[in-house]
């Protein structure tokens, strides 16, 4: 408690003191809006395409600023070439390990975990007297798959249906889309699904969910915009129980894990959902594959507020590898359950550790 | 879980700061630490490499020079480099002489384009412009409805139709011209950079509407892939600037640094909250300070100005200065501060906060407890906590659902806090000349010495 007080004091002193006495008279300048009308070629042609209207081809500014040479590769191809170089090497030198570590870092596994994995494989390689880089790489994959191997990735079912699945996560990770896809997946397996439009904050979130629901022919329970999300979820579960649904999938508004009041709201949603006539069997954290190390803080924050039971890793069809999900499973023991691979309704698939690891280490699983 | 980037850099640099002579090994060790610190903050590996190479160069120069404090010089080189990478001037927007000024929004799915578009429109409106929103995201279900709702919230006209993204964009600009709107913001569908078809589509939109500005929306929480994304969009669109979204999270925002380095385009705006007015021009120097852990007081102050009740805050600050700050004031201020967000978030914006304090887990729920305890006190107790005896304590504890020990702790802490403030030069004890004459200390305080 003393820390909290101290922090409040510091904040007060700084904000109260300086904001309203010292700096009030000289507020930081807002961006000035220039009135001059700059003339600039409005046309932007894609790189390499012939430019129209005699626009000078050379007028394009250099794309890469200092330091990086012009050929910054995508991580995919970077990894590919790194691996090719590794293979070309006969001996397992220091450089091999550095490159391996960097390949993992580029996949967003995080520094600690990347160092740890490489270190661990390095020890094994030394012990077993392995000298070929291919073999060492294979050992890394085994190690990674091994670390992912202890989790139950099936959707938990409750004794008393409906099984309630809450979808949580920060803004823009794809919660609503994931619900639409999971609803389709479950109803294609003959399950009766009800979805709860628990995101009453974002404009048109309920409409978005309804459109997904139409595609897979499931029922949506929604409240008014700005309604209490907990009560919407409660109503949906009650409705689900009444119509004999197997699953109730509940959407929630995106929230950043450092927003205490919003996390409190989530706690309440979970609490109220527990009181309804189903069983909350899953709280799925939806995680965007492009997320960096903040993903760990997201997982921690949501796990604390809503006891997360699994991760849905979305947007894995882009160039991002989603390595932070590996870190989450490794450090926080929250299993990755599904991955999102596209915008189609069938693009949500069960997580496959082997494919994931091969994608991170640069080769497609057979 | 993480040490702050600033803290790590501080550690790395403290080892060489005072050295009169630097060995190459010293520098390499420090560079290694800097590399690790940047990587943990999600700065792209290749960007990290470029940055550390430049620092190495500067450091080698410092070693060769006959300076008495080569360590200091390296420290300075690091600071300069980081501010340099992020830095530059705040982006300035200019308008077409023949309106409308067209702005094209691009980005990955979920980066926050639709919300950012509306925020941008609101910003232009506040600048005295007459913006219009165009919903060309026909991909995501209900994206147009979302934009329509946001547009009506900020009372800005919005245009869309069920044709094709290119047609919508074109028709939108024509419509703006017709109804005399001078800024048009075109929201587009989120797209992956590997989706050639959609990347072609946005390039076609760009060719068709000839935007004056093309903004790429980047999520501040993004990891290593930020570089690929920025580069791929820059290749097909030639970006003018970046808009950073979700900066109110607790991500270090290394993506900002990466993107800036790779595409060499400024970060024009940043979005730091869910509300439509949580948005403004990006200040590179402030972000550099934040990444470096030097605090971001200006942002904190702006945040305070937005959310706090000015009068209450002013009253509190006045009392603080006069040394008359009691529990009643504390309660009021506490409620104000709570509105601003999490304590940890605010703490991260303050400069000079010791690393130990920065890393401490702060449970904001504690605030609720404190609030409850003070609320359970009488007015008299609030102004002079020394009258709180055992029976009052028990009453307060019962009223607030805490224990007597909690109440004693609070009072003790509050006294210590007052002492601390006095030692920090706040309050009458050390009043400076500029302030009115110090008032005689309160009796109660004197008694307690």
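Even glycines carry a Cβ here, placed using N, Cα and C.
The GTP binding site feature in TrEMBL is assigned to B:107-114, B:187-191, B:245-248. Taking Cβ-Cβ distances under 8 Å and a sequence gap of 6 or more within the same chain, the neighbours of residue B:247 (GTP binding site) are B:220, B:253, B:270, B:271, B:272.
The average pLDDT for the domain 'SRP54-type proteins GTP-binding' (B:266-279) in the predicted structure is 89. Annotation comment: TrEMBL describes B:266-279 as domain 'SRP54-type proteins GTP-binding'.
The region 'Disordered' annotation in TrEMBL covers B:421-449.
Annotation comment: TrEMBL describes B:432-449 as compositional bias 'Basic residues'.
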Number of other Cβ atoms within 10 Å of the Cβ of residue B:188 (GTP binding site) across all protein chains: 28
Near-A candidates in B:107, B:110, B:191, B:247, the binding-site residues, by Cβ under 8 Å: B:110
Binding-site residues compared (B:113, B:191) - the one with the fewest other Cβ atoms within 10 Å: B:191
Residues satisfying Cβ distance under 8 Å from residue B:107 (GTP binding site), sequence separation of at least 6: B:113, B:190, B:216, B:217, B:218, B:233
Residue B:110 (GTP binding site), number of other Cβ atoms within 10 Å: 26
